[in-house]
Amino acid sequence: MEKYFGEKQERFSFRKLSVGLVSATISSLFFMSVLASSSVDAQETAGVHYKYVADSELSSEEKKQLVYDIPTYVENDDETYYLVYKLNSQNQLAELPNTGSKNERQALVAGASLAAMGILIFAVSKKKVKNKTVLHLVLVAGIGNGVLVSVHALENHLLLNYNTDYELTSGEKLPLPKEISGYTYIGYIKEGKTTSESEVSNQKSSVATPTKQQKVDYNVTPNFVDHPSTVQAIQEQTPVSSTKPTEVQVVEKPFSTELINPRKEEKQSSDSQEQLAEHKNLETKKEEKISPKEKTGVNTLNPQDEVLSGQLNKPELLYREETMETKIDFQEEIQENPDLAEGTVRVKQEGKLGKKVEIVRIFSVNKEEVSREIVSTSTTAPSPRIVEKGTKKTQVIKEQPETGVEHKDVQSGAIVEPAIQPELPEAVVSDKGEPEVQPTLPEAVVTDKGETEVQPESPDTVVSDKGEPEQVAPLPEYKGNIEQVKPETPVEKTKEQGPEKTEEVPVKPTEETPVNPNEGTTEGTSIQEAENPVQPAEESTTNSEKVSPDTSSKNTGEVSSNPSDSTTSVGESNKPEHNDSKNENSEKTVEEVPVNPNEGTVEGTSNQETEKPVQPAEETQTNSGKIANENTGEVSNKPSDSKPPVEESNQPEKNGTATKPENSGNTTSENGQTEPEPSNGNSTEDVSTESNTSNSNGNEEIKQENELDPDKKVEEPEKTLELRNVSDLELYSLSNGTYKQHISLEQVPSNPNSYFVKVKSSSFKDVYLPVASISEERKNDKILYKITAKVEKLQQEIESRYKDNFTFYLAKKGTEETTNFTSFSNLVKAINQNPSGTYHLAASLNANEVELGPDERSYIKDTFTGRLIGEKDGKNYAIYNLKKPLFENLSGATVEKLSLKNVAISGKDDIGSLANEAQNNTKIKQVHVDGVLAGERGIGGLLAKAEQSSITESSFKGRIINTYETTAAYNIGGMVGHLTGDKALLTKSKATVAISSNTNTSDQTVGGLAGLVDRDAQIQDSYAEGDINNVKHFGRVAGVAGNLWDRTSGDVRHAGSLTNVLSDVNVTNGNAITGYHYNEMKVKDTFSSKANRVYNVTLVKDEVVSKESFEERGTMLDASQIASKKAEINPLILPTVEPLSTSGKKDSDFSKVAYYQAKRNLTYKNIEKLLPFYNKATIVKYGNLVNENSLLYQKELLSAVMMKDNQVITDIVSNKQTANKLLLHYKDDLSEKLDLKYQNDFAKLAEYSLGNTGLLYTPNQFLYDQTSIIKQVLPDLQKVDYHSEAIRKTLGISPNVKQTELYLEDQFAKTKQQLEDSLKKLLSADAGLASANPVTEGYLVDKIKRNKEALLLGLTYLERWYNFSYGQVNVKDLVLYHLDFFGKGNASPLDTLIELGKSGFNNLLAKNNVDTYGISLASQHGTTDLFSTLEHYRKVFLPNTSNNDWFKSETKAYIVEEKSTIEEVKTKQGLAGTKYSIGVYDRITSATWKYRNMVLPLLTLPERSVFVISTMSSLGFGAYDRYRSSDHKAGKALNDFVEENARETAKRQRDHYDYWYRILDDNAREKLYRNILLYDAYKFGDDNTVGKATEVADFDNPNPAMQHFFGPVGNKVGHNQHGAYATGDAVYYMGYRMLDKDGAITYTHEMTHDSDQDIYLGGYGRRSGLGPEFFAKGLLQAPDHPDDATITINSILKHSKSDSTESRRLQVLDPTTRFNNADDLKQYVHNMFDVVYMLEYLEGNSILKLDTNQKQQLLRKVTNEYHPDPDGNKVYATNVVRNLTVEEVERLRSFNDLIDNNILSSREYASGKYERNGYFTIKLFAPIYAALSNDIGTPGDLMGRRIAYELLAAKGFKDGMVPYISNQYEEEAKQKGKTINLYGKTRGLVTDDLVLEKVFNNQYHTWSEFKKAMYQERQDQFDRLNKVTFNDTTQPWQTFAKKTTSSVDELQKLMDVAVRKDAEHNYYHWNNYNPDIDSEVHKLKRAIFKAYLDQTNDFRSSIFENKK
């Protein structure tokens, strides 16, 4: 055959394309057959000529060259293809599509060798202009001469008008052959070349690639796509391809020859959609004619189009449709399969006849036919008998035939929608409206010509004519982790994807599967779901049928509606009907080749899902045996993607929608040859494309392996609504404006429309269904009422079959029950009438049946004296949902074998679940309770009080809350609050508790089993487990019993007793067994767990300290022993109780669903959360698309959150179209974001496509108009006033209780301002209203109005305390509305907010925020506590950020975290989440931190008003305004000042504890890692404050620091006039300020109080009799100033040589460099004492030279006094300094006499009593010669401090000072009989002589000996004194005179002079005496000391030679 020269038809016809309509007005242009060869751009375009030939025109020789496939790629510069068609019937021939008007048609008839009236042709040329691919598309209408072209070698006369020329780029995909009415395409002949079979097969796979023909509905003629974004039925035949760059390139659509002008498509999509909307549900059967009125298929042109077409006033154009069917023979082919190993030969498929069903749309104007066009063509392509020959390990797309495009033309049932969705971001549209393929799109590669070059990996991208990627309805393909779809890999486009006779199936717009532009159908595919079920396989079989074995069944029926996708949509079989080849082979192929998720639906597949249920597996299977699970049948509705999506393969790895036949997995290379392609999880794209192509060719190969037998119908699983995992059903009715729940019915109501059903689920939110009918039925001799609820598309699975609507039964309520009860209301009524009767439960009862008033205390008011038994006929029953105690009182009653489930009881007085009180030998046995009790007084899990009554073999499990602040006595217990009386017994029972309490006084008790056990009551053989968090430390709290003491009698004999009990309870502020210890307690065999955390804040030695409590621990067992001990004590097993009649727990079982894969069970569960309301078949369908590499396959999905970028979306209705991201939150805190794109609505659910996954997502809410609800409730809510009585009543407070400490007033106002938006979110997040109904809406209105105060309080509370972010994601809405975030999908945000608001004043107090989360929110969120929840959020949104870093970035507080300079410490401090971390968040969330409630206030600070300083041992908090004044005004000045000083303060605190770390041993060092609270005073200045602010602010103060932090934290600091004070676990600055320098010294003082006993003193504690102040001031505290003349250690301040005070400095310059270890400290003090002892010796000698009177003036005597302490001990010395008598003076003859007579200087030690625990310092230059000791106890404060330092100099800190000032030798003292009574206990008494003995090992017998030895040691070195130069104090200071000496004698002379002067002046006794000025001795000693201090570099060396 010769190539016809330049066959380029250039006839043009301007017309507006509407859906399925060829404009009647076409300007007829007749052109002669003058076709000059088109010019080729510099981009090497090639001329491709399509000549249309009837098979009758072929010679037998030519028929042998026929290739039964579709041309694929441009190979040469100039190519001619003869496209061969077979005539279906003469009738069909008679009318070819007419594009002209009636008059024009008459004119056109002339000269047509074929009676064709106006043939519509697309001429397409592609060119690249300014980097944009532009397709010039012209509709050429013409006939006759203009088209008659003589063919030299092969004549084509009959179809000459269809000839078309294209200018394409080499390697580009070829356009698809056109659909010609009355003809069936069977193959092609390429001029001058014979195509090998292998090529043919390859081409099949790529068939879809040619221009995508518009596929008209393949399934149902009458159905029209009405989705605005999807293009509607496109006139298939004409569109050759044009506007889509991709269409020519990657037309993976089955045969869509479509390609319509983008602009026209747009018009079609808009106009036609409106016109066709009415006909959406109409279904035309074959040959059925519909009148224009019946099918409101009215198409109109835009005025401008009408002008173009020559017609301005266009009459109404109507149409009807008819169906025609033609059979197609099959042939035999041999294919090379790259998927098969070389040498392997197999029969790929047996031949099978195909058939072609065409739906012709006949257009008429004024009842006269003006034209007709093929709306859709459903081709079951013949399956050629294909023999495969393996060439390598690649899959030959020959199998694609199976998936091959059935038909390039529109398949029947597919609605071709010309308009491409413009919003698709994937494609750029050029100025011509043609899509510009973006090179970045992975799906399509654009050649230099701008044409998409098919890439093996991007089969998915199909660009619509508009240049926008067509959306594929969520093609089954899954690209969660999909590899990029490769266009060439088109898995054979599943031929079967569209049902062959899809015409019957109305295709539904893309409701079901929103296409993700990037997904497989990427560009151009639009997936639409058919609303009707896909027809049987035979009809639906399309290329996709064969796709994967399982795929066809589900996918079939879906057709590509996109013009460009015209390639057969999945679901159609393009194979000729005649193919007799057996389908068995195709089945195999399909099975063998998993579909690549990315393929299949590649371009143009439009997945249309039928809404009917999938047929049973056996029915759905095609010849291939297995039907592609879900994809088959899905067809792309997009113009460019008409190709059928490949059916999903069931193979797990191919999550793709389209299943590829064996070869389908291969990608098609540019030349059309298949290349092996790894199974990408989703091969939908390729499959659909290629399979479509093959099918479209009609080649036998085209059949997909899964293709069903032509005679069988494979139905896509019908997508319906299904309510799964139903746990309970509640029936409500509206009567007289009141809603009532019905547990049963008495009769059939006359007005069922006033009823609705609340369907509760164990996994999903409540759904409200309107009741359609209620009828009475008799079953098993019982009268039941059948309740039927109806909602669009809702079905219910009953006995493995689905039935429309939702039904359930309620029992008939017995008019009266006397003994056996099945109704709670009847039970309550009966007992109230006769409280002494015997009652049995005959069913589990629901307490919701009875509503109580707000003031009612119990359900049964009178005292019950009868019997209540919860067991009947061997079944155990329960009462559910008690809101109040069941009984008020029990007296002599019996209650047994009863369970109380889900109690939620609250009350202001004493409460218990079963009863408030039981007395008079009431017996409670085998009663089990679970739930929550909250109150303000006594609480018991079963009883608040049990007097002379017993509880046996019973249990409680749940939460008990009473954090109410009151001084009233109360008792709280896990089982019973107060157990009292000698007959009272609790035995063989257990409690699992979480108790939150706030005991304030000793008569408030809390116990894991009982609070108070007194008057001989007993607890035996029982145990408690769980947690007790008691905020305050003054109550009696313990794991078993709070108190056993009988307060009534005060007699230990009548106390309560414990026998064989165990505590496995973590207790804060309490003990393990009992909360109060006394002698002779009646306890026996008590046990506790070592693993429990039992911390007690208590009063120890005059101080409040927090430490682990080992008191009342009983026998401590290892954690491993606890379980066995519990079993031994009490092997209690709880009974199994019957659920409520309306309850049930049935998880979704997917195993019975067709195509279920066991290994995907988790995946189905995950998809279930993405499609919460869809039926199981649909879930399985999409579950099979999930890639095995995807998190959706591997991890449990907890929740899905819609977002717009980084903003959480809750209001779905308002943001339906703007949502663009879906956050998937998986278990283990994993998450991922997928692109989200709205597709359409289905049954009031918004459907979205998910990224490139091919998956669907629907929010967990139905779309309904919330406006009416909001309008009704908003006014009422707006009227609520924060200070109203209604609010107070809701809070439960009296008028005189302030609401201040809620700190909600400002937020309350803000919340009201934003109420409308909040209500939209709330209604969206809450129960699903499946149908707009005044009854269900009224129920919500009523609930909101009735609880408006509580709702506002709850909403305000959460908006106030949870308004913070993680990065860019604010979590407020997650906390408020997305309660399912952590996997608990059935919580109601509305109910949660209301219950939170009703939880009471105490629960809503800001300071209780941590407990409030645990009490009111944790269970609703499915979490455990606040901090684990915050961490989970952080791990999801900021996985690479630590908790602390996130916290610091979010809070507006100024945080300084100062790590140690010691490397090992610094390293530990960087360990996040450990006790070593100095991260503020880590520390304040620690379990041992008292103020964990700081987290939320700090996270929500609105401004910078608070600073935080964190160092090794402390955590400080202060307000900026504490430093605000006229000098530091608000703003930058204040901020800079505070922040600079905060940094400096942090460094000082760091240095102080670095010092201590260096000198302590390892054990003590470990204890330095702690968390002492530092608080600056609540004193706030303003810009006018002078100096320091002094006024104390209270919690009402408006200061921002108080309002937003200090107040909400609730630490009511007691302010006083001190500089600061410590409590043992905290330091409070009062007069001093934390950031000042004196605040640093205060820090060392107060921290000594918090550190001495357990850390500084080695854990030995303070020595008995020494008060806390002894250890701070004058001993371990740093000196106040550098020039302090005291014996102290500077451990905190760094001084500088350049300081102004340097000349006077007497303390260590820099402690960080001076003290590197304990030896350095000892060396410093020892060397310092070298100077001290020497100077004291010199002074003493000088004084001895004076007369008696002078000596008396200069010296005093220190003595001891003894005063009894509170325990009567008279052993603690009090130092008294007094003047000497003459006699005493006269005894002072030698230096040692000064020591022996306890002499000290009068210069700085005034006469008087130095009280114990005083603030005294030891003077550096005022000698204490005395060695006064206390041999019967503890030294006085003066002598104690001095001797302590002397021991430090002599023996060091650990070996000298610590033994002296601690109780280190207490045990030795006790052994020696030295004891005292302390706090009722006998303790060892350490005496001075014992210390002397132990420290010096009997070296000295008296302290005088020790002291003399110390002086002597220095005297012995006087001759080696180092030379020193010092200020000459005898000269005026202005002279700066110096004196140098190395002679002690010279120093002695100087001292003599100085002493004499002082004696002469006699200043020592003056009141205003100042030694620095008035004492010559002081000045001399100071000068010498300072000189030696400097000379020795802070005493790093001695003042004596050769001594260090």
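Cβ atoms are placed via backbone N, Cα and C, with glycine included.
Annotated in Swiss-Prot:
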| type | residues | note |
| --- | --- | --- |
| SIGNAL | 1-42 | signal peptide |
| TRANSMEM | 106-125 | transmembrane segment |
| TRANSMEM | 132-154 | transmembrane segment |
| COMPBIAS | 276-296 | compositional bias 'Basic and acidic residues' |
| REPEAT | 419-435 | repeat '1' |
| REGION | 419-469 | region '3 X 17 AA approximate tandem repeats' |
| REPEAT | 436-452 | repeat '2' |
| REPEAT | 453-469 | repeat '3' |
| COMPBIAS | 485-511 | compositional bias 'Basic and acidic residues' |
| COMPBIAS | 574-591 | compositional bias 'Basic and acidic residues' |
| COMPBIAS | 700-720 | compositional bias 'Basic and acidic residues' |
| BINDING | H1645, H1649, E1669 | Zn(2+) binding site |
| ACT_SITE | E1646 | active site |
To the nearest whole angstrom, what is the C-alpha distance linking E1669 (Zn(2+) binding site) and E1646 (active site)?
9
Mind telling me which of the recorded positions E1646, E1669 has the densest Cβ neighbourhood, counting other Cβ atoms within 10 Å?
E1646
Around the Zn(2+) site recorded as H1645, H1649, E1669, what other same-chain residues have a C-beta within 8 angstroms of the site's C-beta center?
A1622, E1646, T1648, P1668, F1671, A1672, K1673, Q1677
For H1645 (Zn(2+) binding site), just give me the three-state DSSP call.
helix
List the same-chain residues at least 6 positions away in sequence whose Cβ sits under 8 Å from the Cβ of H1645 (Zn(2+) binding site), in sequence order, or say none.
A1620, A1672, K1673, Q1677
Near H1649 (Zn(2+) binding site), how many other Cβ atoms are within 10 Å of its Cβ?
23
Mean pLDDT for the repeat '2' (436-452), as a whole number?
40
